[in-house]
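According to TrEMBL, the protein has these features:
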type	residues	note
TRANSMEM	A:12-33	transmembrane segment
DOMAIN	A:98-307	domain 'ABC transmembrane type-1'
TRANSMEM	A:104-126	transmembrane segment
TRANSMEM	A:138-165	transmembrane segment
TRANSMEM	A:180-199	transmembrane segment
TRANSMEM	A:238-264	transmembrane segment
TRANSMEM	A:284-307	transmembrane segment
Amino acid sequence: MTPAIRLILIKLLQAVPVVLIVSILAFLVLNLLPGDPAVIIAGDQATPAAIEAVRHSLGLDRPFIVQLGIWFLHIVHGNFGNSLVLNQTVASAMLQRLPVTLSLAGLSLAITLPIGIGLGSLAAYYRGSWIDSSVMTVALVGVSVPSFWVAGLAVALFSVVLGWFPSSGYVPFAQNPAQWLRALLLPSIILSLFEIGFLSRMTRSAMLDVFGQDFIRTARSKGISEWRIVSKHAFRNALVMVITATGILLSAAIGGSVVIEQVFALPGVGRLVVEGILARDYPLVQGVMLIYGLTFVLINLIVDLAYSFADPRVRYD
Amino acid sequence: MPADALVSIRDLTVQFRTDRGWVSAIEDISLDINAGECLGVVGESGSGKSVTALSILRLHARGTARAARGSIMLDGRDLLRAPERDLRRVRGGDIAMVFQDPMSSLNPVLTIADQISESLRLHQGLSRAEGRSRAIELLDLVRIADAPRRADEYPHRLSGGMRQRVMIAIAIACRPRLLIADEPTTALDVTIQAQILELLRDLRAELGMAVMMISHDLGVIAEFAHRVVVMYAGRIVEQAPVGTLFSAPRHPYTEGLMTSLRGRDIPGQRLGSIPGRVPDPDESIPGCRFGPRCAHVEAVCRAAVPALVSISENHDVRCTPRSQALAPACL
């Protein structure tokens, strides 16, 4: 068994208790929320008897521990139970929505990585100059301004006034890649604003750290060009920090996508969970929270593996 | 400038940016490094040895230093005014450098072969495969056992002594005409120090390159150098062939250094030392900068900065009373 595979197996085993705890917490939190799904589903005019019938049919009248057991059973089955309002299993609802959220997160990361790393390196290289201060000002604005506010302004300008982008909606990639890009570009850029600000600050500080090291002077003494020193000698050393920052960004993108999908009416997982919460659709919200938990675990696993790729000193052998 | 001077430094003054403006770290440095010779540069920390060495290749951290005066000539070109592009050809090509701390001077995320072959691929246009096999030859040359395996390893797998050998391999890769060794053994333990010095001596003979050996250790200098430059507080205070300097030092500072060296062989005798400390570069001292620490200081020393005066062939001293007493009458 190669070290990498063993690492993956160990990390996956470590993830089991994490996922278990997340699933129980998801269940508990929803049960503590005020509001009764039976009342909402039965409607405004329902009689107490009708509400009771709905409650019984949903299994909500069973003891707490039995409900928890049923929830686990559904997880093991892989369908996460039936949604209370969507008339499908939670798993199929999530699978339907997942491509939208992944597209959004992926596209915004594709925008963020080159720009964030580029700006951060530039600021570090020209430390103390006007380039540095402009990049850092832009980065500060990026991390400080709330995305829902920028999103609102952007829709008003680019969609309503200029008409460059649709203000809402989503087209699957398989159906029409150009339309897919057009629908996702504006939300992705807005999601990227925070990410670029964060990543460029992290990159700058990591690169500054590296630029002060002796081996950069060694590289210079060999006659290597400044570009190569920055892109090869310095960046390879700053990479661990960049990977850490990217992992954090991916996790943050889960939260960010909830807001952005809401503003742009994108039918993603973030929007699904908001709908679920408003409708007190317990199984749906529990399922999404579990998927979010799994995603965090997965991101951490990828980051761990990427470390060993980036730095020979943390190779697991 | 002598006909066989490889690198010729004249009136070099280098300043650093500080909170109180530009401060001179070295002043009026003039020295020649002849082809194939080994020049020792000695002095306490803060004397300006490393600043001088780094100035030759302009390797000071960007934006922190400037050459206010002087020239550094190589093949009729002034390196201080050469465009960055031309200077990059000199770096690692004509002139290479080995630094003090081998633990931090190698890039931790690149393989040994990659780091050695980088300048070969850059200066001589070697392919990746050619560069690797040449890197292995160089590892053999610096006496690293099992070179093919070491070539693909990363620096953290190597000991300090081996890393310094790798640094030397990097430096000699393109057969430089001048190797600047800035305290190459200071960070190593004593037995390894001797091995590295021996290696440098053999390589110098084998490759016929000049070496500028910078050290605060007079033992290293005595063993290695043909000619010695003594620096104090940013100035050259004495230069002479190694035999002359050790048998007949003329500057009181050099004398003090020799006293501190000699005492260590006589049991029971206290080591000689020079009272006081090296002044900071921005400290204003009228006249001779060694004056406040000098046992023989006179009024004339405080009156004006002493000039570096030739008192015999190849022997210069920056001390007004001594040079007046010793200089040939015709000067």
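One-based numbering along the chain as shown.
In case you wondered, yes, glycine gets a Cβ from its N, Cα and C as well.
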Note = Across A:104-126, A:138-165, A:180-199, A:238-264, A:284-307, the most C-beta pairs under 8 Å with the transmembrane segment (A:12-33) come from A:284-307
Beyond the flanks of the transmembrane segment (A:104-126) by at least 6 residues, Cβ under 8 Å = 132, 135-136, 138-139, 181, 184-185, 187-189, 191-192, 195-208, 211, 226, 230, 234-235, 242, 246, 249-250, 253-254, 257, 260-261, 266, 268
Key: Contact set, same chain, for the transmembrane segment (A:138-165): CB under 8 Å, 6 or more residues outside the stretch   = 119, 182-183, 185-187, 189-191, 193-198, 200-201, 256, 259-260, 262-264
